[in-house]
Amino acid sequence: MSKYKLIMLRHGEGAWNKENRFCSWVDQKLNSEGMEEARNCGKQLKALNFEFDLVFTSVLNRSIHTAWLILEELGQEWVPVESSWRLNERHYGALIGLNREQMALNHGEEQVRLWRRSYNVTPPPIEESHPYYQEIYNDRRYKVCDVPLDQLPRSESLKDVLERLLPYWNERIAPEVLRGKTILISAHGNSSRALLKHLEGISDEDIINITLPTGVPILLELDENLRAVGPHQFLGDQEAIQAAIKKVEDQGKVKQAKK
């Protein structure tokens, strides 16, 4: 039986989403479409009478800004927002900044799919010579984390994302849910997929088939042990959501004209 409700989402679209590049830990902002997605998400949640007690985000701007826009639409700007690197997007290592379609041309669609969607496959690590290395690791937000800078990831599989996310879920978010708080998690495609895997008990093999579009609220109903009661539900126009999911899945494919 359902006892708790949790809302999570992948942030609204950013410039690099539109350019089909691996964004990861680069602090790209929402574009105009992404801001509109976030506002629409807020409107949907308002129509469903959601009143949040606490919001959790990553330390990346696109996650935080999405949460702010949602709260603004809800008229709940006063609700506390807590940010942690443990909700950050998956660290794509050496792939950061690269175009997914170009990678599919160079390495094949299946390899790109494994890098993007599989559970255990880790991309090559980021090196100090990488054009975005200094931007990431010299950023002040990563000098005040709960782990030393040299212990932050240089590349991650989805398994790695779940392992760094779970302590934060268990120690910070889950206790608030168990207290009956209504929680919103504004995160990223892979940190959200990792949490869904844990809460829904999705297998290592099946998680590759879970794709999340930007800016769409996801409802999870949880039992007293914080396990999902049934599959997650996308809230909104289901036809539009399926089209958005297909768009995300096609990002790692070579367009027909180029084959």
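Keep in mind that glycine also has a Cβ here, set from the backbone N, Cα and C atoms.
The glycation site entry in Swiss-Prot, when matched to the candidates K46, K197, K247, corresponds to K197.
When Cα-Cα distances from S2 (N-acetylserine) are compared across the binding-site residues W16, S24, R90, R100, the shortest belongs to R90.
Fewest Cβ neighbours within 10 Å among the recorded positions S2, S24, T122: this applies to S2.
According to DSSP, R10 (substrate binding site) sits within a strand segment. Neighbour density at the Cβ, taken as the number of other Cβ atoms within 10 Å, is lowest among the recorded positions R10, K246, K253 for K246. Within 10 Å of the C-beta of K247 (site 'Not glycated') we count 13 further C-beta atoms, all protein chains included.
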